[in-house]
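Beneath this line is the structure, given in structure tokens, with notes to follow.
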Amino acid sequence: MAAQGFLLNASFLLILLVLAKPLGSGLARLIAAVPLPGVAGVERILWRTLGITDHEMNWRQYLLALLTLNLLGLGILFCLLFWQEWLPLNPQRLPGLSWDLALNTAVSFVTNTNWQAYSGESTLSYFSQMAGLTVQNFLSAATGIAVVFALIRAFTRQNVHTLGNAWQDLVRITLWILFPVALIIALFFIQQGVPQNLSAYQPITTLEGAKQLLPMGPVASQEAIKMLGTNGGGFFNANSSHPFENPTVLTNLAQMLAIFLIPAALCFAFGEAAGDRRQGRALLWAMSFIFVVCVAVVMWAEVQGNPHLLAAGADSSVNMEGKETRFGVLASSLFAVVTTAASCGAVNAMHDSFTALGGMVPMWLMQIGEVVFGGVGSGLYGMLLFVLLAVFIAGLMIGRTPEYLGKKIDVHEMKMTALAILVTPMLVLLGSALAMMTDAGRSAMLNPGPHGFSEVLYAVSSAANNNGSAFAGLSANSPFWNCLLAFCMFVGRFGVIIPVMAIAGSLVSKKVQPASQGTLATHGALFIGLLIGTVLLVGALTFIPALALGPVAEHFSLP
């Protein structure tokens, strides 16, 4: 079993690197605002048609453009969901959503979280899925990538005040990266058996003679961008454990690769844009090390078997509860780590049914800020925040002004870095405390004791860090939970983006200083170790007390 797990993980990472490197080169061209081959003429027509100028923006203008797009999208999506019953492509005549569920869902998809307090096949029409959710899957992913583009330009430019044109970046990211790659993935899914139609649900008679209604819909097109954009919201309630979303082991592998593809490619793009590919590889090594360790822990925990079944004398060589037999325990464990290391949230197994330690690792990966590969764009700019913190700590230890890529890191950058890093822990801890202190929060818990607390902690961690996965034993479709999690999702997204853009605006105006003899090398093993230590230290100091009350306490209470 250990050898199988090693081969699965190694082959996954190898294929990922082979696919990510060429995509990284394309992303680097977009960061440099160089049109991809053969599309310059198309872009000129688009700019004229859409009224987009070549005027570059400072950080406030860039941020305002992104906020305008996202707030407009939030309002439109809320209206689509609230008045769903009056809109076309609703063959099942599904009613509109309640105001609180519509608000929660709209915020969820605009913020790239895709938390779902509803069952897709019994709640949303095809029009809501296509014109609402799928569109936001593209736009929220493009927003995250645009933010990291601006931050990378801040490191590579000097003595200027502009970070690019947000509208051009969004169009280029969507048309030349997200759409073509998602199209290829969608066609592969269709070939593997994922539905792509607008048919009404199909009544069938099972082999036992029972009547059943099979859900249909444009699944493949939404499934592709759901994974590529690290969105994670499933067309069906069972998400990627549903055979219509993830029918084969090949689609399962493709989905995991799609989740990590752009985050890994952005590391290569960062190195190329910075003029030193070692810088991007250093970040990739740090992410990969934490990822591999987490995969090993989850696989080890899940192959130990279910302690409750073992105590009852039943055969439980591995913990298969909540897992699909077509994937098995190892692929399910790998998927769980992939989807929570990235801010995706799609699941091919029920995380609530993992062992205490097996479920704690995905929760902790979210809590450290989704920086281990992370979401498209958000993962890299989150890791770069930890890079700034690491060079600041190193500067304190050796008595030098911290700098990264020749840019001196001053008080303003460190204040913004601290603010961005502390936003999500505050939301998680205060939100979980509020839920446990109120009757409205506790009434949603379906399990008592440490596991019930773990479900609450997981839900708020998932929302605040824009992941979207859940421990399913929580009845979260209530006004209290819909509003609490919507607030956490919104602040967790834009409460980080705003200080990141402020950092970019400060750094881009600075001069690049030549490296001196005492400059800390930020591409070697020493710095990689320091960066990993910084991520682990912040995560440990912040969340160990909460984890001790949940999964750790549950583990030690097992028979």
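Counting starts with 1 at the first residue shown.
For all residues, glycine too, the Cβ spot is worked out from N, Cα and C.
Counting residues 6+ beyond its ends, the transmembrane segment (5-25) has Cβ neighbours under 8 Å at 177, 181, 253, 256-257, 260-262, 264-269, 271-272, 280, 288, 292, 295-296, 299, 303, 330-331, 333-334 in the same chain. According to Swiss-Prot, the feature transmembrane segment maps to 5-25 (among others), an assignment based on sequence analysis.
The transmembrane segment annotation in Swiss-Prot covers 27-47 (among others) and is backed by sequence analysis.
The annotation transmembrane segment is assigned in Swiss-Prot to 63-83 (among others) on the grounds of sequence analysis.
Among residues of the same chain six or more beyond the transmembrane segment (132-152), those with a C-beta under 8 A of the stretch's C-beta atoms are 27, 30-31, 59, 62, 66, 69-70, 73, 76-77, 80-81, 109-112, 114, 124, 163-164, 166, 169-170, 173-174, 177-179, 182, 218, 221-222, 225-226, 228-231, 233, 262, 266, 269-270, 273-274, 375-378, 380-381, 384, 497, 500-501, 503-504. Look at Swiss-Prot and you will find 132-152 (among others) tagged as transmembrane segment, backed by sequence analysis.
Marked as transmembrane segment by Swiss-Prot on the basis of sequence analysis: 170-190 (among others).
Summarising the annotation, Swiss-Prot assigns transmembrane segment to 253-273 (among others). Beyond the ends of the transmembrane segment (253-273), by six or more residues, the same chain brings 12, 15-17, 19-21, 23-28, 31-32, 141, 145, 148, 152-153, 156, 177, 181, 185, 188-189, 223-224, 227-230, 240, 246, 279-281, 283-284, 287, 334-335, 338-339, 342, 344, 346, 348, 373-377, 379-380 to within a C-beta distance below 8 angstroms of the stretch.
Per Swiss-Prot, the feature transmembrane segment maps to 327-347 (among others); the stated evidence is sequence analysis. If you look at the transmembrane segment (327-347), the same-chain residues 6 or more away from its ends with a CB under 8 A from one of its CBs are 1, 4-5, 8-9, 12, 112-115, 226-227, 230-234, 239-241, 249, 252, 255-256, 259-260, 263, 287, 290-291, 294-295, 298-299, 302-303, 318-320, 354, 358, 361-363, 365-366, 370, 372-375, 378-379, 462, 465-469.
What Swiss-Prot lists as transmembrane segment is 356-376 (among others), and the listing cites sequence analysis.
Swiss-Prot lists 379-399 (among others) with the feature transmembrane segment, giving sequence analysis as the kind of evidence. Outside the transmembrane segment (379-399), and at least 6 residues removed from its termini, the chain residues within Cβ reach (under 8 Å) are 144, 147-148, 151, 230, 263, 266-267, 270, 283, 286-287, 342-343, 369-373, 409, 413-414, 417-418, 420-421, 496, 500, 503, 518, 520, 522, 527, 530-531, 533-535, 538.
Feature annotation from Swiss-Prot assigns transmembrane segment to 416-436 (among others); the stated evidence is sequence analysis.
Here Swiss-Prot flags 484-504 (among others) as transmembrane segment, drawing on sequence analysis.
Taken from Swiss-Prot, the feature transmembrane segment applies to 524-544 (among others).
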The transmembrane segment (170-190): which same-chain residues, six or more beyond its ends, come within Cβ distance under 8 Å?
-> 23, 26-27, 30, 35-36, 39, 43, 46, 50, 52, 69, 138-139, 141-143, 145-146, 149, 196, 219-221, 223-225, 227-229, 251, 254, 258, 261-262
At an 8 Å Cβ cut-off, counting only pairs 6 or more apart in sequence, do the transmembrane segment (484-504) and the transmembrane segment (63-83) clear the bar of 3 or more pairs?
-> yes
